[in-house]
Amino acid sequence: MEDVFNYAPAIALFPLVAFVVALTFGKYMPKKGALAGIIATGGSLALSVLMLVAVASGEVYHETLYQWAIGDAASEIGADGIEFTFGILIDPLAALMLVIVSLIAFLVHIFSLGYMNAEGETGLPRYYASLGLFTFSMLAFVYADNLLMAFMFFELVGLCSYLLIGFWFRTRSAPSAAKKAFLVTRFGDYFFLLGVVAIAATFGTVAFAGDNSFVAAAESAIDNGDTLFGFGAETWVTITALLVLGGVIGKSAQFPLHTWLPDAMEGPTTVSALIHAATMVAAGVYLVARMFGYYALSPTALAIIAFVGGFTALFAATMGVVKDDIKQVLAYSTISQYGYMMLGLGVGGYVAGVFHLMNHAFFKALLFLGAGAVIVLMHHEQDMWKMGGLKDKAPITYYTFLAGALALAGIIPFSGFWSKDEILYDALIVGLEEPVILAAYAMALVAVFFTGFYTFRMVFLTFHGEPRSEAAEDPHDIGWSIKAPLVVLGVLALVAGIANLAPVAKLAHIDITFLEHWLDGEYGAVEGLTYSAYGELLAFETAYIGGEQLTVLIAAGVSLLLAFSGAGLAWKLYSVPEPVAHKERLGGARQTLESNYYQDEYQVWLAEGFTQPLARAADRFDQTVIDGVVNSVSTASLFSSSRLKRIQTGLVTNYAALLVAGFIGLLLVLGYVGGWFL
Amino acid sequence: MMIEALIAVALVGAFVTFVAPNRIAGKLAFAISLIPAGLSLWMFSAFDGSGNALLDGELAFASEFEWIQFGEYSISWLVGLDGISMPLVVLTTILSSLAIVSSWTPIDERESQFYGLVLFIEANLIGVFAALDFFVWFIFWEAVLIPMYLLIGIWGGPRRKYAAIKFFVYTNVASLVMFGAFIALVFGLGDVTTFALPDVTTAMLNGGPDGFLGIGGTTLASLVFVAMFLGFAVKVPIVPFHTWLPDAHVEAPTPASVLLAGVLLKMGTYALLRFNFTMFPTEVIEPFVIPIAAIAVISVIYGAMLALAQTDLKRIVAYSSVSSMGYVILGLIAYTQFGVGGATFQMVSHGLISGLMFMAVGVIYNATHTRMVTDMSGMADRMPVAVGILVAGAFGYMGLPLMSGFFGEFTIFFGAFGAEGLAYSQVFTALAMFGIVIVAGYLLFALQRTVFGPYHLETDYDVDRAPLHDIAPMFVLLGLIILLGVAPELIFEMITDAVDPILETGGEL
């Protein structure tokens with residue numbers, strides 16, 4: 001089984017080949033590059049599954065493949081050289097994520113056949129090439145064995161999202177959204193890169209795993225009570241961990257760097273599915289999971305992650321309730337759901353966070369592709385108020401979308417319930433000891449209500465009631481390439497929860513917690529990268545209400561109750577033949593919500609109202625003062641020479657007079673210096 | 001005699017092209033330029049030097065013979081390459097060839113003179129990087145100015161006279177300051193009777209100058225350090241000596257911009273590394289470390305802010321060069337292997353990337369006859385390949401990983417962050433790094449306005465796909481940028497080999 005790892009590089013390289021093929025030959029190919037992408041991601045998927053099987057049989061893979069740069073650098077803890085390498089790390093986490101990413105990418109490629117290739121779309125080779133590069137970057141990021149390599153592919157993921165969000169570049173809005181996505185995430189990546197540089201300079205290594213990983217080095221530095229760059233070791237670890245978190249907050253669209261994500265809906269819906277479920281946005285949270293050992297060393301950093309996550313979950317969910325565009329609702333739900341994952345990881349719920357990452361990948365890909373199907377049905381209409389009644393006309397789309405919605409809302413027994421519940425439970429038991437975490441938990445709990453509400457508002461407006469436009473009366477046909485991915489994902493949204501039925505284990509003592517065992521390295525494992533290893537580093541205390549079982553019941557019961565009441569309210573308001581918006585009931589909050597809490601306004605102001613004028617002022621300063629000095633030096637010399645040349649009149653008498661005057665002047669000076677006049 | 005051959009081929013080629021008919025001058029110059037390009041690539045593969053050229057290193061392709069003797073002083077023809085100059089020579093020859101091809105479309109008058117001058121520049125640039133005797137070096141250094149002055153002054157834009165004179169006078173005055181300072185230093189050193197840079201370096205590191213014209217040895221060394229720094233700062237250029245650069249770039253024809261940004265600016269940083277940071281002992285440099293680091297950070301941020309305010313594509317790239325050169329200065333002053341090595345790498349990398357950017361902007365200009373951001377939009381619709389390369393080049397400029405710019409910037413940041421000789425190195429690094437956000441801002445903004453959006457053009461021209469000979473050189477550059485981004489060790493290894501002796505002798509600030 002070990003030999004199978006020799007093919008690991010191909011997982012990422014297949015889509016890279018597809019990128020090159022689609023870019024160069026896509027024009028001449030029958031499906032404009034789609035087939036190359038499908039074959040490549042299919043190959044990646046097959047190999048990823050093989051890796052999963054290999055890990056299940058107890059093998060792991062950690063190999064340095066390529067030396068990028070090597071040199072001498074005195075690090076803060078005393079190492080005197082550093083190597084920057086490309087290597088592959090396939091442990092349970094990476095193997096799981098590889099399968100998720102390649103599966104979603106594969107399904108998105110197939111879906112694209114029906115979605116993009118259908119209607120005389122130009123630029124398809126560019127589209128498939130970008131998808132290939134996107135998949136390549138994400139897969140390489142997932143199994144990167146060190147922080148620098150992870151950063152590099154993290155950035156490439158950002159590039160690909162730029163290219164794909166701006167795919168319809170002939171519009172005004174798509175290029176603007178693409179720019180915004182790259183810029184906002186780049187702002188986060190600035191901190192990430194600074195964190196990478198700081199970690200490399202501190203520990204002389206950027207490896208994720210092994211004896212010479214920066215995690216191990218940080219742990220021993222803390223144990224030894226070292227001083228790093230003038231800070232105590234733990235403080236410095238917190239600082240660097242938070243710097244890296246900057247990149248996470250940007251890519252995973254957490255507050256306050258979430259503003260790019262709703263705009264990113266300008267891209268094709270297939271791209272949204274890929275970005276939200278498996279690549280760009282997932283990359284941020286995955287990075288926290290990947291270097292969880294480092295975060296576990298810093299309770300402060302974890303608490304900040306938890307709080308940001310809990311806040312973002314609620315913050316985004318409230319904005320989702322007033323959106324009219326089906327993709328916008330899903331966009332805000334993505335921000336909110338990644339908030340849950342951050343909360344889960346932040347309270348030390350490593351398994352819960354990864355579990356939700358997985359489930360969310362399935363049901364969010366499903367919902368976006370479902371929304372894509374709806375958009376096809378609706379002849380490219382995205383406003384939910386013009387839909388309605390699609391339930392009977394497109395049953396496969398409806399039932400799969402419903403499965404995704406139930407998972408998103410966290411309704412038992414759909415997958416989203418199990419993972420969200422586990423996150424909330426983990427947050428609650430820590431929160432009972434830590435007030436900050438309790439606040440984060442409370443926000444995330446309230447968000448459950450909003451999630452149930454906006455999810456079913458979307459479902460009812462889109463599929464129920466009477467058709468509210470001609471397009472909804474007479475929907476466009478959709479083909480198998482659209483339906484098949486929906487069915488696969490619909491099934492996964494329903495059953496993926498089986499991977500980890502933690503409450504069942506706690507209540508009924510039936511141990512169905514595959515994922516926990518998986519991440520704990522009971523199959524294959526890399527030392528130090530297991531759930532229990534992280535558990536030993538974590539400094540959080542936990543407490544229960546009554547007992548463990550009662551706490552489980554309370555946590556699950558409250559969140560289910562909230563989810564149902566949110567969904568129920570949506571049912572009452574919108575599952576009627578002629579629904580109305582009810583926005584006036586929001587009163588003063590309406591304007592704030594529809595303006596997304598003015599987050600865009602202040603960020604746009606920072607860019608256009610502050611930075612641009614500052615740049616123009618700098619330019620004026622440069623033109624007038626700095627260049628002014630340069631020019632005045634030359635003007636002064638030009639002026640004096642132009643005056644000086646006037647004395648060259650060409651008349652001998654003038655020259656003679658000047659000679660005499662000069663001689664007298666010289667005599668006077670000499671006389672004065674020589675003291676003749678004293 | 002390989003270096004002599006390189007220079008001779010370019011020089012003879014320059015004269016041949018000069019008298020050739022205009023019709024064939026472009027093709028002829030390209031054919032001739034392939035010889036030094038090929039030769040230098042062969043030299044690169046056969047490179048067997050080690051150590052630093054000024055610090056008793058093993059020179060590759062060295063040759064030396066006495067040239068002029070006056071009084072007790074002698075001037076020698078001394079040339080040779082080490083790991084720092086070798087990549088720069090290859091950069092020069094390749095970029096010259098590509099610049100010649102990129103001139104085929106825009107240059108349509110006095111072609112033989114134009115291409116002759118380009119080859120003449122190439123010869124002198126090779127000389128600058130290869131010469132190790134001060135006088136020989138200085139002759140090449142100054143001789144670069146004249147053809148560049150003519151390229152801007154004859155084939156330039158509407159304000160070409162102003163720009164050309166500003167470029168010439170400004171950099172020439174700076175050279176004068178530097179020249180005077182260096183001569184004073186050599187006279188001050190007393191027992192040194194040659195102008196060979198290795199001899200001067202040895203003397204500087206073993207006791208330094210005794211004094212000159214009544215100025216004490218230590219003071220003299222510091223004064224000369226400052227004077228030479230100022231002299232080179234204009235060339236780099238470092239803020240606040242940068243204002244000639246945007247004017248020169250805007251008026252210069254595309255190929256001149258390519259060489260100007262690609263190689264001429266590197267003369268400044270190369271000379272800073274060779275002279276200021278290699279010759280002078282640590283004690284002399286120490287008081288200037290913080291001011292130089294500050295000036296580097298200011299160059300990065302201020303240059304980037306200026307780029308943000310521009311609406312002329314060439315000015316944007318020109319100011320961003322100021323910003324990028326700030327990184328190089330930061331890397332040099334960090335005085336670590338990754339800092340100085342990364343700075344040298346960044347010289348090569350920026351040469352390739354800025355060359356690519358100027359070519360891409362040039363191709364768009366050839367078609368639209370405007371460079372104003374406000375005059376066009378949606379160019380991607382009409383020139384997909386050229387725009388694709390422009391976008392790729394822009395991301396290279398932003399330091400996208402797996403392209404050479406990222407390696408240069410990352411190693412500089414890494415080298416500077418932990419620099420022991422630089423107080424507050426973490427703060428300086430963090431401030432300079434913010435440049436990577438601003439650069440994304442102005443380049444993406446420019447792209448959004450010009451190449452994306454609905455197609456629109458203010459000027460009255462039909463825009464069509466660029467011809468192959470406009471596109472091909474850009475592909476070559478893009479290929480090199482990606483190659484160096486994926487496999488930086490191709491040159492980084494020889495660079496660090498030449499950088500190490502600097503840190504060992506002068507080092508540990």
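The backbone N, Cα and C atoms fix where each Cβ goes, and this holds for glycine too.
Taking TrEMBL as the reference, the stretch among B:65-83, B:84-102, B:236-254 described by the feature transmembrane segment is residues B:84-102.
Looking at the stretches B:28-47, B:468-487, the one that TrEMBL records under the feature transmembrane segment is B:468-487. Under 8 Å from some Cβ of the transmembrane segment (B:84-102) lie the Cβ atoms of residues 6, 10, 26, 29-30, 33-34, 36-37, 39-41, 43-44, 47, 49, 52-53, 60, 115, 118-119, 121-122, 125-126, 129-130, 254-256, 258-259, 262-263, 266, 270, 273-274, 344, 347-348, 351-352, 355, 359, 362-363, 469-470, 472-474, 476-477, 480, 491, 494-495, 498-499, all in the same chain and six or more residues away from its ends.
Outside the transmembrane segment (B:468-487) by six or more residues, the chain places 94, 97-99, 101-102, 104-105, 345, 348-349, 352-353, 355-356, 359-360, 363, 366, 385-386, 389, 392-393, 396, 401-407 with a CB less than 8 A from a CB of the stretch. Within its own chain, the transmembrane segment (B:316-335) has Cβ neighbours under 8 Å at 236-239, 242, 245-246, 248-250, 261, 265, 268-269, 272-273, 277, 289, 292-293, 295-304, 306-307, 310, 341-343, 346-347, 350, 354, 357-358, 361, 373, 397, 408-409, 411-412, 415-416, 419, 421-422, 425, 428-429, 432, 435, 438-439, 442-443, 446, 503, 507-509, counting only residues six or more beyond its boundaries.
In terms of C-beta pairs under 8 Å, the stretch of B:114-132, B:138-155, B:212-234, B:255-273, B:385-407 lying closest in packing to the transmembrane segment (B:288-309) is B:212-234.
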